[in-house]
C-alpha cells in the first residue's frame, strides 16, 4: 500500500500546473492588418522574459506551429515578415501584428510568456476571424439571394481600436434597403430643394414689390402732371362770368334806348304820328 505513495506523488508532480489562459475574439478584413494583444509585467528593469507566438491552442510546453519567438533581448525566429512585434518590447508589450491578412490566417493563436521556473508559463489564447469585404450590389440588378454584409469590427494596431462598420445593402428580394448614408443623402437633397424653393419665392416677392413701387411712382407722377396741366388751362382761359355779365349789360342799355325813344314819340302824337324803332327792318 505504501509502495504506491511515491508513484502517486510523482504522477501529481508530472501534471501541469494551472496557468492563466484567456480566449478573446478579434476580427479583421482580408487585406487589412490584424492586432492580437499580449503583454506582461516586467519583473525588474532590463529583465525580459522569452515569449513565443504559435497558431493553435497552447500546448503543455512551448508553442505549436510557431510563427514568432523571442529570447530575453531579440526576436530569434519569424515565420514571415508579416508577423511583427510593434509594441514596446522592453516594457513587456509582446502584441502580435499580422500584416495583410488572408482567410488562411483565421484561427486560434497562442501567446506564451515563459517565466522562469517549472510550469510557470503564462498563456493567452486569442481567436482571430478573417472576413471578406462587403460587396455593393446596385439596385435592380440583384436576383435571388443577395449578399448581406453584417456589421463587423476591425481592430488595428495601437493603444486603442479602430472600428469600421459595414451595413446590409439589399434584402433577399433584391430590394435596396435604406442605409444611414442614404438617409443622409436624401436629407441633404430635401434641404437643397427647400432652399431652392425658398430662394425662388423670395425672389418673386422682391420682384413683385419692386414692380409695385414703380407702378405707384408712375401713377403719382402722372396724377401730378394732370393737376398741373389743369391749373395752367384755368389760368389762361378768360373768366366766363365777366363775359356774360358784359353782354347782358349791353343788351339792357339797348332796351333802355328803345323804350325812351318810344315814349318820346308818343308824347308828340298830337302833332304827327311817327314810330321810330331802333331795330332794322327785316
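For all residues, glycine too, the Cβ spot is worked out from N, Cα and C.
So that you can see what the record holds, here are the features copied from Swiss-Prot:
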- 62, 112, 119: 1,2-diacyl-sn-glycero-3-phospho-L-serine binding site (BINDING)
- 115, 117, 120: Ca(2+) binding site (BINDING)
- 257: phosphotyrosine (MOD_RES)
- 138-163: region 'Disordered' (REGION)
- 195-215: transmembrane segment (TRANSMEM)
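Features recorded in Swiss-Prot, as mapped to the structure shown.
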residue: 62; record: 1,2-diacyl-sn-glycero-3-phospho-L-serine binding site; CB count, 10 Å: 14
residue: 112; record: 1,2-diacyl-sn-glycero-3-phospho-L-serine binding site; CB count, 10 Å: 26
residue: 115; record: Ca(2+) binding site; CB count, 10 Å: 14
residue: 117; record: Ca(2+) binding site; CB count, 10 Å: 8
residue: 119; record: 1,2-diacyl-sn-glycero-3-phospho-L-serine binding site; CB count, 10 Å: 14
residue: 120; record: Ca(2+) binding site; CB count, 10 Å: 11
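Neighbours of the Ca(2+) site: apart from 115, 117, 120, residues of the same chain with C-beta atoms within 8 angstroms of the site's C-beta centroid are 114, 116, 118, 119, 121. Cα to Cα, residue 112 (1,2-diacyl-sn-glycero-3-phospho-L-serine binding site) and residue 120 (Ca(2+) binding site) are separated by 10 Å. Maximum intra-site Cα distance, 1,2-diacyl-sn-glycero-3-phospho-L-serine binding residues 62, 112, 119: 12 Å. Residue 115 (Ca(2+) binding site) falls within neither a helix nor a strand when secondary structure is assigned with DSSP, and so counts as coil.
Calculated from their C-alpha atoms, the gap between residue 62 (1,2-diacyl-sn-glycero-3-phospho-L-serine binding site) and residue 115 (Ca(2+) binding site) amounts to 12 Å.
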